[in-house]
Amino acid sequence: EQPIFSTRAHVFQIDPNTKKNWVPTSKHAVTVSYFYDSTRNVYRIISLDGSKAIINSTITPNMTFTKTSQKFGQWADSRANTVYGLGFSSEHHLSKFAEKFQEFKEAARIAKEKSHEKMELTSTPSQESAGGDIQSPLTPESINGTDDERAMPEVTQNSEPRAEPTQNALPFTHSSTISKHWEAELATLKGNNAKLTAALLESTANVKQWKQQLAAYQEEAERLHKRVTELECVSSQANAVHTHKTELNQTIQELESTLKKKEEEIEGLKQEIENARELQAQRDSLTQKLQEVEIRNKDLEGQLSDLEQRLEKNQNEQETFRNNLKTLLEILDGKIFELTELRDNLAKLTECS
């Protein structure tokens, strides 16, 4: 058998107790394949989880694959007495699987019809021959004949072969060659009849031996069947242990990978903490400098205020000085004018005297 179509999906089976809940048979997505068995002319759906077969379903014409959601489908297998469910990663994969199911279901129906036709064709000639030749089941009496039949073997041998030639016989006057031909046919039939009688006698003698061998074979087959059942139980247990071990190894690998990631995250957090500490130290230093700058700024503001007050005072003093100087200049101008008048008056007096 070779896979003719494969896909990946999560496999479920219906709970045999409740017939309602789904029980996952695979912890992760596994390969689900269609197989064609050319010897039996059947199609099967097979899925393996490690070495364990979680799906082994033969497709029959009365099966139906149902889409219950955009990514989930199911079908019932009456031979396995269960319902299988598949969860796909996308709606496209589900549709593709459903198309292949319908295609192989139709192929199984056609193959079944062809096999029925072949069986009917093979059974029809046998029934016709059975109606003409075999009227009762094969028994030792029918093989060896009854006492009356064994008492007259020659009569049977002579009468039966001659029945057919007498029905189809031609007049003796036509040809002597036909007579010789029928005599040769009669001798051949007698020889064949003797051989068949000997073979029947020999087969009758071997019937008991065959029955004994068949019983021994049945006992051996039963013993081998029990042994195979025991080995299958042991094999299933070994497969379960192997699967459990594989799952544990996968879990350990996942935990190691998670632990490694956590260690890397811890290292990154430590580095971030160191950077945060450096930033905190820089922040404290800048805060202290800012406080010093603020204190100095306050001192400068005080000095600026004093300078403004002194400047205002100086401006007031200068204004007063200007006013006093202006008054003094006005007085001086008056005095100069008076001195000028006095000089003029003295000059006039001088000229008059």
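Along the chain as shown, the residues are counted starting at 1.
In case you wondered, yes, glycine gets a Cβ from its N, Cα and C as well.
Across the domain 'WH1' (1-108), the DSSP tally of helix, strand and coil residues reads 18 helix, 52 strand, 38 coil. Annotated domain 'WH1' per TrEMBL: 1-108, in sequence order.
Here TrEMBL flags 112-170 as region 'Disordered'.
The feature compositional bias 'Polar residues' is assigned by TrEMBL to 136-145 (among others).
What TrEMBL lists as compositional bias 'Polar residues' is 155-170 (among others).
Summarising the annotation, TrEMBL assigns coiled coil to 200-324. For the coiled coil (200-324), the predicted model reports an average pLDDT of 84.
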